[in-house]
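Straight from TrEMBL, the features:
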DOMAIN    131-370  domain 'ABC transporter'
TRANSMEM  475-496  transmembrane segment
TRANSMEM  508-529  transmembrane segment
TRANSMEM  550-579  transmembrane segment
TRANSMEM  585-606  transmembrane segment
TRANSMEM  613-635  transmembrane segment
TRANSMEM  734-755  transmembrane segment
Amino acid sequence: MISLFDRRSSPMAEAEDIDRDGLLGHHSIRANANQDSGGGSGGKSISLGQLFKRVGDAHSGGGVAENDVYASPEHYVLELDEFAAGGGAGDHLASRPVPFVLAFTDLSYSVKKNRKLSLFRGNGLAVDPAAGLPPLEAISRTKTILNSISGEAREGEIFAVLGASGSGKSTLIDALANRIVRESLQGSITLNGEKLEGRLLKVISAYVMQDDLLYPMLTVEETLMFSAEFRLPRSLSASKKKSRVQALIDQLGLRSAAKTIIGDEIHRGVSGGERRRVSIGIDIIHDPIILFLDEPTSGLDSTSAFMVVKVLQRIAHSGSIVIMSVHQPSYRILCLLDRLLFLSRGQTVYSGPPDGLHRFFADFGHPIPDNENPTEFALDLIRESEGTPDGAKPLVDFNKSRQNTQLALTTAEESSVSLKDAISASISRGKLVSGATERTTSASSVQKHANPFWIEMAVLTKRSFTNTKRMPELFAIRLGAVLVTGFILATIFWRLDNSPKGVQERLGFFAIAMSTMFYTCADALPVFLQERNIFMRETAYNAYRRSSYVLSHAIVGFPPLILLSIAFSLTTFFAVGLAGGTQGFFFFVLIVLASFWAGSGFVTFLSGVVTHVMLGYTVVVAILAYFLLFSGFFITRDRIHDYWIWFHYMSLVKYPYEAVMQNEFDDPHKCFARGVQMFDNTPLGGLPDAMKLNVLKSMSNSLGVNITGTTCITTGTDILKQQSITQLDKWDCLWVTVAWGFLFRFLFYISLLLGSRNKRR
């Protein structure tokens, strides 16, 4: 009996055990004795999916209840006697051919840098005497990022790319991970000698970004569980998904932090090293065959960085290819790496195992001193060479000459296992690759997503609700802002009468209230901007569809809008003294809700187009001001010039403004100006009432109509005609406002389709 995963009491304890097991002789031990250098389960070269399958069988057969998947990790025990019977795990590894070999040959990538022209002589450009213009090559310069990079990475090994900042490490990782447009990348990338198609690579691989992009209020266990819901197929039962998550928590060494939230700058959560391991975990939940990592140890202390690489070693030994970039590894980390590729300004300086560094630099004439970190020596020498006129060219040429002499040996060691057989064997061993089956051999036979649309939407909705409900202060602030705005408007426009002045005050209240609904939606702008990088990472490898995200985003954001609409309506409707009674109140709630819906959709769409928060706020405020200007309040529709009338119909404020106007004034029997009130807001308004009555009598005699002090002069219908609100009724305005909300969310979806391509050009 052995434990499924090697559990230590602390990272320091594991580090000490590794040192005692002989880290300094890591590579020689592997080469000569075929033993595990980590002292844990990493040496057992069987897939994590296979281990998980055995755990599931042992779990169901051991009489443990299905709902006890969150029990202590000690119950993950399995029999591996069949591996011990035939010798050690190392013998098993040595007798098995390497099934996966990722090879890349002559990878080159260049970008064009456009140089600005100057009208002055000091621009430094040579001028063509014939044309009087600078030559074309001086205007458009090409910078080579990668220059004929070749190498190979094998299953069960960690392939590390090293180099100084700007050497091309991240670019090479992106090139191998299909994050660079193929037309811009020269060279070939093959898996087991066959061209690797982009769609197939998305299914069998994972990419871990340098930044930890996680939801702050989810626990470690919840984060991994949601990732399992996305990446693992629906055919896998919920209990097996939970068991997979528990096994992964043990593999990552996160058992003690499983119930701790991720945290952010405000909320205290897990440590930096634990956060990095969670980032790795969410991308390996489906047990990928190839794992790419962009500087996974960046920003971590020595022990945390070592723990991360130790986890990567376990992942490699479980049957995966691990390819990572690293800036300057410590000696302990170096002993965990299997193959190194040093870059200098896009060129290969050294390619080979870590234990070959001493001989390489000794043959080059710069032997590595005793007791010095070989990688630090190599990087320092590369930096010094880059400062010389020839740069690192001597090192590059020396490496090429050595590689040419070893070409025959390298060719002889290449795997003879085809890609079809390797993938089938990997899945049959229990790999949980999402969307793949044992018949997966090409991009045409791969499902793009692991789960159907409705499951993705349900999981996304649950995750967002879980994250937002743990930050109630955000909704409380938004509700407080709406209540304060409503209170101010209610006290300013308190109990308006039905006089002509009351009519003008009502018009002002409606215009300000409806435009305020849109302005208060601006807080939705940073929501997607904060989630953008998470969205980009998850959709890059088809965790879910973009349409699922858009609909989930709308579902999660709708319930708060209902509460805000009711709160604002209760605060203002009765205090201002609006008409319509109960029916009028409910319609007022609906149109306020529709305004929130359209406004949040508009801001959400802008968040998909504008990538900076401050720029987004500027655009939102400016456009909403234009909407208010053309709404029909400041200038009526019949007074707007033809060349601006289109903006009037584009105004989001127009439709809710006209809807509440009709809700208030669409009554031909309700009078808003009687007799002498017709003189209000005119120079005659200051005359005595007796004189006003005499004027009315004179007008009656002239017009032949009896006009007294109580005669109705202006009805609600007359007010609507004066404001040119005659084209749509209030329900039409309501439906148009709702339609705007749907339209902007569709445009948000289009912006995600066009703007979320994770590839360089």
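Heads up, the Cβ atoms here are built off N, Cα and C, so glycines get one too.
The stretches the transmembrane segment (550-579) and the transmembrane segment (475-496) meet in space: the count of Cβ pairs below 8 angstroms, excluding pairs fewer than 6 apart in sequence, reaches at least three. Contact between the transmembrane segment (613-635) and the transmembrane segment (585-606) is supported by 3 or more Cβ pairs under 8 Å, counting only residues 6 or more apart in sequence. If you take every residue in the domain 'ABC transporter' (131-370) and average the pLDDT, you get 87.
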